[in-house]
Each structure stands twice: as structure tokens, then as C-alpha cells.
Amino acid sequence: MEIILGPQSELHKNCSALHELSTAGSRQLPNLHTETDCSWKPFDKSNYKQLLGAMDYSFLCAYAVGMYLSGIIGERLPIRLYLTFGMLMSGLFTCLFGLGRIYNIHNLSFYIFVQVANGLVQTTGWPSVVTCIGNWFGKGRRGLIMGIWNSHTSVGNILGSLIAGYWVSSNWGLSFIVPGLVIAAMGVVCFLFLIEREYCSVTGCRKIGRDFLPVDLREYASLSFSIQGVIEFSLCLLFAKLVSYTFLFWLPLYITKAAHLDAKKAGELSTLFDVGGIVGGILAGVISDKLGKRATTCAVMLLLAAPTVSQSLSLGLALCMLLVCGGLVNGPYALITTAVSADLGTHKSLKGNSRALSTVTAIIDGTGSVGAAIGPLLAGVLSSRGWNQVFYMLMAADFLALMLLLRLVTKELTSANVVKPRSGSTTVE
């Protein structure tokens, strides 16, 4: 659902220039149209930013809530079937949003419902795919391998923005329908070709996701939270995702308003943030592998990111900073949701429990998704007071993410039991 903000500038746009062109050179009566007459109802009102923010919030809030259960459910079902179901349903609800344009639906409740449903079904993805990758590869060079693999998130964001931008001005419904069809088609590919690695222990081998034995969920969740580092990394990710998703959801609209560009051009320029994110995710993985210090790597990148999360008067400078900011913000985000989650999910205190990796991943990403839900909502409220307020919020969130890692950083730098270079495991015991 990374294409939601592409059409925002079309759902609410300034039409005064269009009306002026249509009446130029004529002797008609004065134009009685308002500057938002060509906006899509109900987003044609003065509180459109709050409505768009609430729509984003409904998706992200549903995603955050559903994530906590998704990991537990996903590891008790065949991963191949679980992923296929989630991708097909995600494609369906994404297409439904676009069909609102084709069938001329102006009911806000319809769009909110589609967003909530889409947020819930998309929680099937991340815990399952991290489990697959985490069990396919060992701990050696885990940061590098997962950093390269995780670049698919930024590539997806870029493709989503470009697809949305291609049709956004002519028929924004296709900006949703086409990606919906793509993800549904990939769901079929997943069903046909995904191989579930067998999990082997002293009791024998079994496919991951086929353990249907009952379990005390409270005891299991307590065990996952008791691992040192889970809480700190979860809360750090909350603020890191707040920053990342605020950029993701509001950057095209900000570029449209600040630089006075059309929606298509703004969507293309906004992909610079994700281009930087690809490099940042891989770089964070390589550095953390060599140093054996995941928390320290994240903290340094967050510290360097703080000056880049600011509003610039120069468009050219702002675009350059987008690349740097994307790398420094998405680097820790990518590292925590992949290599760190895999490290903690295979922690020795779990005693080889085959369910743990998906559940720990869901706990960390679910907590982070709370920040992803809050960020765009706050941006919708604060942007009405000026975009500088939004950037102040982003800098504060980046600082809080850094502060939450200080205990782990101190432990990594002072502990005698430091993980050897290239081992790729998190240094929290």
C-alpha cells in the first residue's frame, strides 16, 4: 500500500488555474467556481489534510494492531499458503480503493473500510518473509544478506510512486488497480514457487509453519519480551518508522505544495528518499556485520540523520538531502526489522523454539508500526500550521529513537563479551 500518497494531490487540488484558463479570452460572467471544485469529494473541504491523515492512520493502525497476532498465527500455518492468502487479499482491497474512482464513490466510510481491511491482510507478509530468509541463511553476514534483500521495500516504494504518478493525473483509480493486480499476480507466483525450509532439531525435521501444537500465548509473549534488546529496539523502531512513514506518505504532497510541481513530477522526485534507503539498508548491514554492534550502528546513523531531517529553502539542496536522509533514516529501520529481529528471534534463551523468529519479528515490527500510524496522522494536523512544524516533529522523533538505544550502545562498547567481526549477531545477552 505504498502508493496511497501518490493520488493525494489529485484527491484535493487547486483548480483555480484550470478555471482561469477555461474562461480566458471569453466575455462570460465572473467565474463562480471555487478553487477546489475539481477535487474528489469528500476531500474537497478545508480539512482535507486531516481527512487524508485519518485515512492513512486507519490503514497503519490496523496494520500495527494486526501485526502482534500475525506472527503467532503465521508460524502455525504453512507459510506458502499464508503469504498467498495475504497477497491475494491485499490485491483485492487495493483494487477496491481504485474502483471508488471508476464507480464514482464519495463515501469516506468506504475508503476507511478498505484501508483498515488492507492494513490487516498486509500483516501476513513481514513476519513470514523474515522467517523464511532468517532460516534459509545462517548468522554469518546476516546484516549484508538481509540488507540486500530488504532493498525490495524501497524498490517497491519507488515502483509504487512511479506507477501512481503515471496515471494519477488522468485516472487516479488506476494508480491503485494496477499495483493491486501486480501483488495478486505475485501471490500466485508465491503459491507456485515458494519453498519452505525444513527446521531441524534433536527431535527431527519439520517444515516451518506446520507446528499446530497448542501453546500458552501469554507465556510465549512474555518469553519473547524478556529477551534483552527486544523492548529497546521495538521502541526505537517506533520512532524510526514514524519518520520514515511520514516521509513516505506526505513527501509527494509536500513537494507539490512547496515546489509547485504537478503530482507526477512530485511522485518521481519523492523516490529519491527510497533510493537513499536502498544504500542505507545495505550499508547498515555491512557495517554491523564487521563491527558486531547492531545498536551502535543504528545509533550513529540516527545521530547523523538529525540534521538532514529539516526543511530547506533550496529545492536542489532539499533533493540532495533526501538521498542522504533516506539512507540514514531507513538504514536503522531496515537493520532492526531484518537482521536484529533475526538475531533476537534465534536468541539462546528461546532454546531453538521454531515459532520464535516470526513472533519476535511481529513484536518488533508491530511496535514500530504504531509509530508509522502516528506519524502521518500528526503530519496531517501539524501541516495545517505550517510545514516547519512537521519537520520539528521529525527531528524530535529521530532524537528519541537515538536515546532509546543508549543503554544497548553502552553495553556493546563496554562489554567484554563482544561478538567477533562478521558474526552478525546482536551483542545483547
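Cβ atoms here come from the backbone N, Cα and C positions, even for glycine.
Note that this is a predicted model, so its numbers are computed, not measured.
What TrEMBL annotates here:
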DOMAIN    1-413  domain 'Major facilitator superfamily (MFS) profile'
TRANSMEM  51-69  transmembrane segment
TRANSMEM  81-103  transmembrane segment
TRANSMEM  109-137  transmembrane segment
TRANSMEM  149-168  transmembrane segment
TRANSMEM  174-195  transmembrane segment
TRANSMEM  230-251  transmembrane segment
TRANSMEM  271-288  transmembrane segment
TRANSMEM  300-324  transmembrane segment
TRANSMEM  390-410  transmembrane segment
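Ranked by Cβ pairs under 8 Å to the transmembrane segment (81-103), the stretches 51-69, 174-195, 230-251 are led by 174-195. Contact check: the transmembrane segment (390-410) against the transmembrane segment (174-195) gives fewer than three Cβ pairs closer than 8 Å, residues 6 or more apart, which falls short of the contact criterion. If you look at the transmembrane segment (109-137), the same-chain residues 6 or more away from its ends with a CB under 8 A from one of its CBs are 1, 4, 54-56, 58-63, 65-67, 69-71, 74-75, 79, 82-83, 85-87, 89-90, 93-94, 96-97, 100, 145-146, 149, 194, 196-197, 199, 208-209, 337-338, 341-342, 345-346, 357-359, 361-362, 365.
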